[in-house]
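> Residues or ranges marked as repeat '1-1' by Swiss-Prot: 69-75. Annotation source Swiss-Prot lists compositional bias 'Polar residues' at 74-87. Per Swiss-Prot, repeat '2-1' is recorded for 76-82. The compositional bias 'Low complexity' annotation in Swiss-Prot covers 88-113. The repeat '8-1' feature in Swiss-Prot is assigned to 118-124. Residues or ranges marked as compositional bias 'Basic and acidic residues' in Swiss-Prot: 122-135, 143-157, 268-298, 328-345. Residues or ranges marked as repeat '9-1' by Swiss-Prot: 125-131. The repeat '5-2' feature in Swiss-Prot is assigned to 257-269. Feature annotation from Swiss-Prot assigns repeat 'C 1' to 270-304.
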Amino acid sequence: MAKNNTNRHYSLRKLKKGTASVAVALSVIGAGLVVNTNEVSARVFPRGTVENPDKARELLNKYDVENSMLQANNDKLTTENNNLTDQNKNLTTENKNLTDQNKNLTTENKNLTDQNKNLTTENKELKAEENRLTTENKGLTKKLSEAEEEAANKERENKEAIGTLKKTLDETVKDKIAKEQESKETIGTLKKTLDETVKDKIAKEQESKETIGTLKKTLDETVKDKIAKEQESKETIGTLKKILDETVKDKIAREQKSKQDIGALKQELAKKDEGNKVSEASRKGLRRDLDASREAKKQVEKDLANLTAELDKVKEEKQISDASRQGLRRDLDASREAKKQVEKALEEANSKLAALEKLNKELEESKKLTEKEKAELQAKLEAEAKALKEQLAKQAEELAKLRAGKASDSQTPDAKPGNKVVPGKGQAPQAGTKPNQNKAPMKETKRQLPSTGETANPFFTAAALTVMATAGVAAVVKRKEEN
């Protein structure tokens, strides 16, 4: 019975996902599986295909362990995916905060620029006002100097006129005294005329009362003295009286004119003094305004320098912000690329997870099926175990022949899943070939994935892509810290 299983070779690589392990397990314990492209059907082979039940249990335990490992890897990938999603959310939030901060800095820079423009305009206006006040101050100073010079000239002219008048009066008096001795006859007429003239002058000129009274008194005393002393000078006195009258008239007229000129000069001088005081006050006010404007100018220049420094600082911060924004843009692009890779890895992980779930489901179903069949086959295995023990002695004799034919057995074409393997064809059935034929496929599966039978590839798996995405995110965070 055992010789009928010699040519039954099953290919694990051509089985679908999740069916390879079930097929191997069932073939080991005696339940043959014929695999179709869309469904899995179990076919019971003859009793001669039954093997050691301990090995069947070992294989079942092995696939349970592999299923647990795949489930653990699936949980690990899910956790890593959640961590990467949280990191992506944090980076997006931080990028939004930096964008808002950049907008605030831009608005503050615009406000400072407007304030700088306003201060510049105000500084220009203050400079124009300062220039106008300086020009006006120069004009007032020039007018004040001209007024002072004119007042000094008029005062000098008045002094010269008074000195000349005094000198002329002294000369006239001396001349009159010299001629008075000859004018005694005309003293009475001179006195009468002088009285009338003095009265008329007193009536007309209230301002010269004291001077005229003193002159009249002096003249009366002089006349009396002259009359008493010089009786012989009447003719000279008459002439002197006429000359004196003319001189007095001329003097009075000159004095009146001089008084008028002096009054006008005093008024003008008072006006000049008042103008000088006003000009001095204005000049002091202008000086204060000028000092205040200079102080304001200094303050404005200081504020302008501070604003310029702040503007330069804001520009520098803006450049740093622009550089940071560009770095954030690069980081965001890198994070998006990493996100795409993570999403791709997540899709692959989800697909593998679905495949693992499907495989797990198939394994659960196959476990249920094998448990049912195991109960049925257990009795058969116990009955046939005795027969196998009896055949071990015979198989030991044929073991040497089977080792020689092992090479030819390994070159036999693999049986397709949809075709039946007919026992008895090819090599002669021998009972001792079963253990050696099971070792070859097990060596092949060491280089294959346990679920699909495909050749294992350490690169571009879901875990590798997840590691690459994590490294990309770490690089983005490091670049951000450097910026």
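Using N, Cα and C of the backbone, Cβ positions are placed for all residues, glycine too.
Note that this is a predicted model, so its numbers are computed, not measured.
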> Can you tell me how the residues of the compositional bias 'Basic and acidic residues' (122-135) break down into helix, strand and coil by DSSP?
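Reading the DSSP string over the compositional bias 'Basic and acidic residues' (122-135) gives 14 helix, 0 strand, 0 coil.
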> In the repeat '2-1' (76-82), how many residues does DSSP put in helix, strand and coil?
7 helix, 0 strand, 0 coil
> Check the repeat '2-1' (76-82) for me and report the mean pLDDT.
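Mean pLDDT across the repeat '2-1' (76-82) comes out at 91.
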> Residue counts in helix (H, G, I), strand (E, B) and coil for the compositional bias 'Basic and acidic residues' (143-157), per DSSP?
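So the counts come to 15 helix, 0 strand, 0 coil.
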